Amino acid sequence: MAFSTLKKVLSNEPVRSRSITDESVDSYIDHNEQHHHQQQQDEPTTRWGKFIRWLEVQPKGDLTASQMFLYNHDLRPVEEARRQWSWYNYVFFWIADSFNINTWQIAATGMQSPSNMNWWMTWLSVWLGYFLCGIFVSIGARVGIQYHISFPVAVRSSFGIYGSLWPVINRVFMSCIWFAVQTAVAGPTFTLMLHSIFGKNLPQKIPNHISDPDLTTYQFLGIFLFWLFQLPFIWFPPHKIRHLFTVKAYVAPVAGFGFLIWTLVKSNGLGDVMTKPNGSSGSDLAWAFVESTMNALANFATLIVNSPDFSRFANQPSFGMKYLVYTLSIPICFSITSLIGILVTSGAQNLYGETYWSPLDVLARFLDNYTSGNRAGVFFISAAFALAQLGTNISANSLSFGTDCSAILPRFINIRRGGYICAFLALAINPWKLISSSSKFTTYLSAYSVFLSSIAGVVACDYYYVRRGYIKLTHLYSQTAPEDKSHRSMYAYNRIGCNWRAYAAYLCGILPNIVGFVGATETHKVPIGATEVYRLNFFMGFCSAWIVYSVLNYFWPVETGIPPTKPFEKGWYEEWQDVESFEDELIGREVHHGVETIDVTDMSLTEKGKV
């Protein structure tokens, strides 16, 4: 409780709209004095103890030892003050996220061999793929909208309090690798800006002191500058970073359409890309269409899983917030960006006689004619692409890594610290090696969606089918029931805090795709049937995990926390949660009406913590 609020209570000024009693105020003050005295006794005296206290993102306060491994400010349900995202903020978010180099090139996978689809069929598959992405994102986002919790917390209800660590570690790994890859991909945006400012021969003027076939000093300079460019934005908390996406939503599309118009004017029309017929027919063409559709889902797998990380900041649980903002904005925004990529590639082919699927390659060719107009245009469009990649890397990777790391070690890591750890690890793993032409690592990354789809299937089945939307929030943050320490939390399941049903379903979701996954990496030849099953990888993983998890819960039902509803009966138990007094409910402290039960002397549970 803030001091100003306590002052209002003691002076009989109105606080909120609740009844206030003298007994509740006296009890509240007595508790604060006792707690403050206890905390003074717990202050460390050794250097090591003081160092550990300095590393902590928040003091222990009234939390138990097990709760310290499950809770910090960034993991708590988002209180009303931080729920500042309106529906248009999410629209801006998806507009901003759609404009990036990966989405620009997504159509290339359908139009290049061996698929060889024509442009309109490829674009239709992109529309369908991103429409499905919107549906899956809305499925995952609902738990965040209603209960204001992030993915690492939501997954505890299905996998268990401690069993959730494996799905979270999966995302930590993927977020760090993708952050590194996106940083390396965006490096040329800075070299293009430098090239447009400091002269036509700048790449030749900078001597190469790096003995690496995949990297030069000039290329490393671009990667390093983009890496530095990201660091200040990692500082901002998620509920404030929405302003970055608003700016990007205005700047990036304007630059994209400007780039398109500029290319078409320079090329005097479109090249052969727009008139190229389908290179296959029959079942081959049908499977090519399916594969192109699934590529959009694979590209979106991480965002599908981590959708609660952003939906928890929604300011209201309206119908539009739950469904329309995802199922409409995602396919529209991403498909338009893909179409711009197709048209720019076609115009550049008419201009240079070569097919460039990367917009940065087209901009580099524009600088062959080193006029002031070309230099200015390349500089500003490259800057827009740098901003675009920044927003994508922060939203899809940095914040996800930070959120997940805070769940792994909440006592010492918050979202901000996790974001900076991600950035330093990304530079340390030499990301230019991952995107080199000789590396198949990006193939592994795209194929990794089979593991994430299985996790998404288990989590969705647990929330929508098994629990029918019911979650007891305080039990997600404690191994024992906060209201009765003699009983386990609903989501502890057993002594090790792991739900075996979730892991069995997770493995069964992976199995149908595992042979095709090996084939996709081109290390072994696999049967054509396994390849065709793998082309439906996200659906196979999601649906297999859902079915197996529901069957296991039918024959071996969970004992607590499950509504008394039979498998095919109607019933929905989801509730909008008021989490303003969440810490007191977690600790098991009595909540006195009319008084905010947050310590005046110790703001350990509600302060945002250290850096």
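Think of each number as a place in line: the chain as shown, counted from 1.
Every residue, even glycine, has its Cβ placed from backbone N, Cα and C.
Same-chain residues lying 6 or more positions outside the transmembrane segment (120-141) and placing a CB less than 8 Å from one of its CB atoms are 106-107, 110-111, 151, 278, 285, 289, 292-297, 300, 303-305, 307-308, 310-311, 322-323, 326-331, 334-335, 338-339, 342, 456, 459-460, 464, 542. Look at TrEMBL and you will find 120-141 (among others) tagged as transmembrane segment.
Positions annotated as transmembrane segment by TrEMBL: 176-198 (among others). Outside the transmembrane segment (176-198), and at least 6 residues removed from its termini, the chain residues within Cβ reach (under 8 Å) are 101-102, 218-227, 229-230, 302, 360, 363-364, 367, 374-376, 378-379, 382-383, 385-386, 389-390, 392-393, 396-398, 401, 422-423, 425-427, 429, 431-432, 434-435, 442, 445.
Within the same chain, residues 183-184, 186-191, 194, 202-203, 206, 208, 210, 241, 244, 386, 389-390, 393-394, 398, 402, 416, 419-420, 423, 426-427, 431-432 sit at least 6 positions outside the transmembrane segment (218-235) and bring their C-beta atoms closer than 8 Å to a C-beta of that stretch. As annotated by TrEMBL, transmembrane segment applies to 218-235 (among others).
Look at TrEMBL and you will find 247-265 (among others) tagged as transmembrane segment.
Feature annotation from TrEMBL assigns transmembrane segment to 285-305 (among others).
Summarising the annotation, TrEMBL assigns transmembrane segment to 325-348 (among others).
TrEMBL lists 376-396 (among others) with the feature transmembrane segment. Non-local neighbours of the transmembrane segment (376-396) in the same chain are 93, 96-97, 99-102, 175, 178-179, 182-183, 185-186, 189-190, 192-193, 195-197, 226, 229-230, 233-234, 241, 244-245, 247-248, 251-252, 254-256, 258-259, 262, 302-303, 306, 310, 359-360, 363, 366-367; each lies 6+ residues outside the stretch with a CB under 8 Å from one of its CB atoms.
According to TrEMBL, the feature transmembrane segment maps to 417-435 (among others). Remote same-chain residues near the transmembrane segment (417-435) are listed as 57, 175-177, 179-181, 183-185, 187, 212, 214-215, 219-220, 223-224, 227, 230-231, 234, 397-399, 401-406, 441-442, 611 (criterion: CB distance under 8 Å, separation of at least six residues from the stretch ends).
The transmembrane segment annotation in TrEMBL covers 447-466 (among others).
Taken from TrEMBL, the feature transmembrane segment applies to 500-518 (among others). If you look at the transmembrane segment (500-518), the same-chain residues 6 or more away from its ends with a CB under 8 A from one of its CBs are 158-160, 163, 166-167, 447, 450-451, 453-455, 457-458, 461-462, 493, 524, 526-527, 530-535, 537, 540-542, 544-546, 548-549, 552-553, 556, 558.
The transmembrane segment annotation in TrEMBL covers 538-556 (among others).
Long-range Cβ contacts of the transmembrane segment (447-466) within its own chain (Cβ-Cβ under 8 Å, at least 6 residues beyond either end) map to 136, 139-140, 142-143, 154-155, 157-159, 167, 170-171, 174, 297-298, 301-302, 304-305, 502, 505-507, 509-510, 513-514, 517, 520-521, 534, 537-546, 549-550, 553, 558, 562.
Sequence-distant contacts of the transmembrane segment (538-556) (same chain, six or more residues past either end, CB-CB distance under 8 Å): 136, 158, 294, 297-298, 301, 449-458, 460-462, 465-466, 501-502, 504-506, 508-513, 567.
Taking Cβ pairs closer than 8 Å, the transmembrane segment (247-265) reaches residues 91-93, 95-96, 99, 337, 340, 343-344, 347-348, 351, 359, 362, 377, 380-381, 384-385, 387-388, 390-391 in its own chain, all 6 or more past its ends.
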